[in-house]
Ligand code: GLY
């Protein structure tokens, strides 16, 4: 395990304060869209292997049409593939997206048009976001450099095209800026973050400010083209290129502008950009001619009075005014980010429109049949009607922004709220199971696996000399052992002394009520015959036995509850880098630190983390639940960088197969059923637990077997842990690490046997109890805060006859003492008359005894037999 110090219940609280925004389960929209994308794109990439031709649209016969690397749309095809990978987590999409992305490499030097932002951000930007591969950084920075060559400080803008001839044929402009250019600014912000050089960002801000000043009308409809004098910066003309008329609102232009100002606000937090974005959103949402399905006509002003085209427009050519699905898709995606920057109360209308757009686009009216529509997802977009090109066709960028919007819908914070609602619903069903768990009080934890063979020493070096953490089960990370070398340990794994019955019986006799064993630890090695991965005790070792099955059966025989530990996030063999690089790429953009703790950065598997989840972790959890029907606990560990969606997926997988299984807090993201206050840590009384909790500790300092760690807890320390934890209301799970032969250390067996004897006598004061109003009285205060502290400072305690730990059950309070007073006179101050009236007192295992009670406490004299006890005693006190 582990090395967690503290846990906070962060996301849990969101549940209560974040209003529930969704009307229905909307995940179907997302699934439907991506299912279709997967089917269409699988056909498209199989059919089409020429990497110099980028799918763009379809001809009249539904055949895909292509474009070359110089075009503005080349990045969308790899971009679509990246979104499919993002959604499915299937590495085949990653691999094909990578291939297509890399085919655009040369474009980093392209200075011929402003669209290099579209091309490179949608391809390489996503590649970096989803792989974290830092080699993409240089390409993205160079692309931004190329784009910057078109920035003119006099104008304060990036030149979109090199020339723009007016439709009236009278003018040719040399410095046209189109509203679409707002979409290229995101690349500039990214380049500044990746390079640390503000030059790109500053240019983006200038460009947006110039656009805001010159490209909008008071109603926040935009001019498509503004032509500048490159020498003076003066505005020469405001016109359209692809819209209906110079003064009209071209639908996609509106969408580009909206999206661009949302990005501007994200990156600068300047309120004027938020205001611009909101005004553009309002223009779209509230437009009287926006159809009910919220997919706009290609221009909002077609055939309206006061809007006169100066290109060759013939109304008769259009029986109905074409819609533009691409404009709707871009708008939906922009709205779904914009709401993140708005007050909760303002969001609903925007969310509703986004949802309607996504539902419309997902309907048969706009979504293709499989195999049709040039193998794109969406139908009914418009390229440019004035240019008489691509009218009512699929367009690759419509697909791209549609998939992006679906991903945003999927990831939106109200989805998180929805997840937490669903989580709460499932968690509520476990009240009974959790109550039972809380009665148990004492359990055995077992860490066992291949790491028991090196036992803390690698190539003659102790772990402490190699790095940290120095717990034996982390040796692969600490010694940076390559996966193939570590896997060879399996050839030596033959623990001939392993006897499940002996271990379970030892736990039972020690007074333990449950057992949790590592079914798969961070090294990825399973202790059961997994059908999912052959790296397991049955198939990969000469031992050829199913250890988990044997322990499970033994627990059933001896009536101990059974649970498994499962390392769901860290898997050094198959779990890639536990999504470190990907998360880091995303965090870097937000100037957030990323913790690599536990990640395999020395020899990560080459698959993605998403495919590890899909192909190993989730299937293994399923097979464990299907095999061990009477499983009670699943102990996930070290969630690291896991997202809420990922934690939820594990929780729901468990719940769907067995709703009675309770899940440890370390599933991550506040989605555990019970809390774990830390490793080798006893929580303070002041800590408030909203869930049942379990303190965990090792017998020595390591969880897995470590040949040179002999600092075993003695009986007093074990009893202290148990009493301190139980009196505060928790469970204590005590860990052992059998050696490579399956032996349990002699002091462990000996001390557990003594502890069991004591517990048998005092069982009533421990099991099924709850905390009393006071947990402990007496002079001995010990704080055990973590593994390192205990290891460094040891356990120094001189318990006195004045130390008592309390529990309660029904009308009884139990007072437990570890030390018998020399004179036999017992004084319990907390049980003074002011606090409670004592009716009777019994010594457990002995019987009733006389007492006195006054304002100073409860007083009694122990009988001779108890005075000789080396293990203290427990009082059962009836209150009146
Ligand atoms: N940026 C070109 C278009 O939207 O058609």
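Here the Cβ of each residue, glycine as well, is placed from N, Cα and C on the backbone.
Copied over from TrEMBL, here are the features:
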| type | residues | note |
| --- | --- | --- |
| TRANSMEM | 6-24 | transmembrane segment |
| BINDING | 115, 180, 240, 252, 256, 384 | substrate binding site |
| ACT_SITE | 115 | active site, nucleophile |
| ACT_SITE | 180 | active site, proton donor |
| DOMAIN | 419-764 | domain 'Glycoside hydrolase family 29 N-terminal' |
| DOMAIN | 801-878 | domain 'Alpha-L-fucosidase C-terminal' |
Legend entry - Across the domain 'Glycoside hydrolase family 29 N-terminal' (419-764), average pLDDT on the 0 to 100 scale: 96
Legend entry - Helix-strand-coil residue split for the domain 'Alpha-L-fucosidase C-terminal' (801-878), DSSP-based: 7 helix, 38 strand, 33 coil
Inset, instruction - Check the binding-site residues 180, 240, 252 for any whose Cβ is under 6 angstroms from an atom of ligand 1, and report them in sequence order. - result: 180, 252
Inset, instruction - Between any two of 115, 180, 240, 252, 256, 384, the residues recorded as binding substrate, what is the biggest Cα to Cα distance in Å? - result: 18
Legend entry - Count of other CB atoms lying within 10 Å of the CB belonging to residue 115 (substrate binding site): 24
Inset, instruction - Inside 10 Å of the Cβ of residue 252 (substrate binding site), count up the other Cβ atoms and send me the figure. - result: 29
